[in-house]
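Single-structure report; data block below.
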């Protein structure tokens, strides 16, 4: 038995097939026990739906007990739609899906446009993106340990050295940019496979590796100019940090603890700031301060790493986010507690006044908030919590400043 449905040429779903659909039902479903030659259908059984401009041809078999409505019921029981409305619904659904897809693409494109693309000359834009000029959070995270240390090294009751604060702020800006350039040069084979990083200048081909190396040389030259403003002890101490800076991008290929190595790198300023003021190091003050920064980095960069954990699995990159998995909050809670305890010990050894501990309580609350409320399955929420760490650094800096002035 055959059921033929013929649509008019106005049905755009079926134009490539010349608007004809043929559906053949096996003879095995026939109510007749035998397989006689099929009866000839009558020629006057048409149904037209002028609203949809569809025309249905329903054959009628005069000698068959298997009637038209039985055929319709059979089709519906088999999951076959015999209504023109189903095609219209499918058409509308496809149109909505296409519009939603276009809106997502448009939204993604607009969100990726920064002030770099709007205001800087076209030739400079790739270099600005390479240095992450539109993402200052990295500079803040690198600068705060320097500011903490410089302020701790100030004489009791006095403000910190403004010149040193300015020099270290500029140094953090340049060194962070240089670190990003080194990272992109060494990770260009990985960045092309990760959704969040595949548009970076070197990975996308906007800059060649040679151009990246040349830009790195320019950044390091400017950084050297700042380093030469410091005393000899600090020059040697500062230059020694380059070993950490250059080797950090390789750690994610070796260990599940690259965030700890980043902590050693990013918080070198906690040592350097004190030596720039005092000309040497006081381990009782600067070592707890340095360790507090390492533990802090383990908190915020583990949260940050959860954005890329699925891509990291695919490309074989390691991180504490993959190491900790569902236990992430327990681990970073421990790191957060160690960070606060280390800050308290450093402040105590530096003889800071009691207001410092009030600010430290506020910093503890900020750190606890981001740890307890972060949704590690949401990349957007992980990014928001990561960026909020600039306020943690600011609260600690405020506490050290007020504590030094009141000591």
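Backbone N, Cα and C atoms are what each Cβ position is placed from, and that goes for glycine too.
Here TrEMBL flags 86-102 as compositional bias 'Basic and acidic residues'.
The feature region 'Disordered' is assigned by TrEMBL to 27-46 (among others).
The region 'Disordered' annotation in TrEMBL covers 82-109 (among others).
Beyond the ends of the transmembrane segment (260-277), by six or more residues, the same chain brings 141-143, 145-150, 152-154, 161, 164, 168, 172, 179, 230-231, 233-234, 237-238, 241, 244-245, 247-248, 251, 285-286, 289-290, 292-298, 301, 320 to within a C-beta distance below 8 angstroms of the stretch. Per TrEMBL, transmembrane segment is recorded for 260-277 (among others).
If you look up TrEMBL, you'll see 283-303 (among others) marked as transmembrane segment. Counting same-chain residues at least six beyond the ends of the transmembrane segment (283-303), those with a Cβ under 8 angstroms from any Cβ of the stretch are 141, 145, 148-149, 152, 259-260, 262-264, 266-267, 270-271, 274, 319-321, 324, 328, 331-332, 335-336, 338-340, 342-343, 345-346, 349-350, 367, 370-371, 374, 376, 382, 385-386, 389, 392.
Through the fold, the transmembrane segment (331-348) approaches residues 152, 285-286, 288-289, 291-293, 295-296, 298-299, 302-303, 320, 324, 356-357, 360, 363-364, 367-368, 371, 396, 399-400, 403 of its own chain, all at least 6 residues removed from its boundaries and within a Cβ separation under 8 Å. Marked as transmembrane segment by TrEMBL: 331-348 (among others).
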